[in-house]
Structures are given as structure tokens and as C-alpha cells.
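Take a look at the structure below.
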């Protein structure tokens with residue numbers, strides 16, 4: 001066809017919002033979003049969800065009009081996703097909060113535990129070690145956000161930032177309160193337990209970073225096309241032989257080691273919630289891989305080798 005006509009309707013009311021004439025057959029959905037944005041400036045591209053069906057999935061930016069199951073007059077549906085915020089900004093906000101909130105409790109601010117001089121420092125070395133590990137974890141996340149991560153989706157709804165910050169910031173305060181409390185008692189098995197946990201913590205952090213770098217390398221040229229991740233020469237990436245999302249496996253391992261190190265119930269609860277949430281994400285990504293790639297490795301599980 002020489003050109004297409006594109007009709008865009010409101011996904012809920014089915015009211016026509018615009019009619020685009022003489023659209024090139026090789027036009028991408030991103031280009032159609034930009035055309036729509038010129039007519040409705042307040043609905044910038046990241047805020048638009050363009051669908052073939054009102055209840056269907058959003059079309060990807062790179063999809064081409066002539067490859068879609070439409071005729072010369074294509075009917076598309078628009079949904080307003082609401083105000084958006086970039087993922088880099090989201091992560092920077094989420095991870096900076098816990099870093100500084102933890103310090104309020106570690107440095108025993110007077111308004112936290114009182115003015116008694118006995119409460120100004122802890123006699124247990126593990127408290128200092130826990131602060132170092134907690135800070136290292138979130139500093140690593142901030143560095144990855146700026147220099148490593150490549151996001152397939154550029155933004156998320158602005159309203160979600162409040163929920164996410166309540167989760168990360170709230171748990172950081174809860175953990176820090178008990179770990180740095182004047183009545184805190186160190187782990188039952190002393191240095192052996194702590195040393196084992198520190199080694200496990202560092203290995204998991206190294207593994208998590210290695211996986212993020214490997215996933216980033218898949219999109220080094222700026223492509224948003226999904227590819228199957230495979231192990232590299234880095235031994236930490238060999239977990240790809242057995243699971244689809246080893247970054248989540250290592251992340252859970254990090255918090256399990258932090259739980260062992262501090263022997264603190266709130267840390268254990270946070271670890272459990274992390275595991276549940278990351279299992280949901282891992283299963284979703286695993287199913288997407290299976291759906292998109294017929295040759296996807298059959299040995300892989302979502303998050304735990306051979307089990308889950």
C-alpha cells in the first residue's frame with residue numbers, strides 16, 4: 001500500500017480522538033505516538049498506551065504499522081497512562097532514601113533512642129559491619145542505576161513512586177531501628193556466623209553485579225529487542241545455566257546473608273517479602289522468555305535451580 005489511514009479511538013468511550021491520513025506503511029508505533037502528541041501535547045509519548053484492542057496489550061515502539069493485522073484504515077485505541085517518571089530517577093530516589101535513613105539510626109540521633117550517653121554507640125562490632133554492608137548494597141545499586149542498567153521501558157506511572165518509597169524507606173528504618181538499638185544482641189554463634197554471612201554477602205553482591213553487567217551488554221547498541229541471556233566467561237554468570245533471573249537469585253541471597261549476619265527478625269521478614277516479590281517477577285520474565293523463544297533452554301527455572 002502507498003499509505004495508510006490511522007484512526008485513534010479512546011479505549012473506554014470508543015470516541016474518535018484523531019484521524020491520521022497518509023501514514024507511511026513503514027511507520028513505527030513510536031512515530032504514530034509522536035503524531036498523536038502533536039495533536040494532544042499534554043499526552044506525551046511515554047504517557048500513551050496504543051493498542052490494537054481496547055483490552056489488549058500495548059504495542060511496542062518498534063512495531064511497524066504494515067506488519068500489524070490491520071487494513072489500509074487501521075483502528076488503534078489510546079489509553080492515558082497518567083503522569084510518568086523515568087526509571088533512572090525512580091531508582092535513584094528509592095535507593096538514596098534507605099542509605100541515609102539507616103545512618104540516622106546508626107549514628108544514634110538523640111530523637112531516636114534518647115539522650116543517655118550509653119546509647120551513643122554500640123559495643124558490638126557486628127553493628128558496624130551491618131552498617132557497612134547495608135551502605136555498600138545501596139551504593140552499588142546507585143552506581144548500577146547510573147552506569148550499568150539499560151531499561152526496556154523508559155518510565156513508570158508517577159503514582160507508584162510513593163508506594164515504592166514507602167516500601168524501601170519504611171523497611172530501612174525498621175531494620176535500622178532494631179539492629180542499632182541499645183538492647184540489640186549479637187548473633188548466637190558469634191564470629192563464625194558473622195564471618196560466614198559476610199563471605200556469602202560479598203559473593204552474592206558480586207554475582208548480582210555480574211548479572212546486571214551481562215544483561216546490560218545484551219543492549220549495548222541501544223536496542224530494546226529482547227534476547228536470551230547466556231553465561232559468559234565470568235563464573236558468576238554460570239547461574240544462567242539453571243535459572244532465567246539469576247540477578248534475583250543473588251539479590252535474595254544477599255538479604256539471606258544479611259539476615260544471618262544480624263540475626264534480626266525484621267530483616268528476616270524483609271527477606272521473605274523480597275523473595276516472594278522477586279519470585280513473581282522471575283516467573284513473569286521466565287514465561288515471557290518461553291513465549292518469545294522456541295529454543296529457550298529447557299533446564300532453566302525462574303529463580304531457584306531445579307525447584308522454582
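Each position is counted from 1, following the chain as shown.
Just so it is clear, glycine is given a Cβ too, placed from its N, Cα and C backbone atoms.
Caution: TrEMBL annotation is automatic and unverified by curators.
Between the stretches 85-107, 108-130, 131-153, TrEMBL puts its transmembrane segment entry on 85-107. In the predicted structure, the domain 'TECR-like N-terminal' (5-80) carries a mean pLDDT of 92. With a threshold of 8 Å between CB atoms, the same-chain residues lying at least 6 positions outside the transmembrane segment (85-107) that come near it are 127, 131, 134-135, 138-139, 141-142, 145-146, 149, 151, 153-158, 160-161, 164-165, 168-169, 171-173, 175-177, 179-180.
Tertiary proximity for the transmembrane segment (166-184) is limited to same-chain residues at least six positions away from its ends with a CB under 8 Å from its CB atoms, namely 94-95, 97-98, 101-102, 104-106, 108, 112-113, 118-119, 122, 124, 127, 130-131, 134, 262, 264-267, 270.
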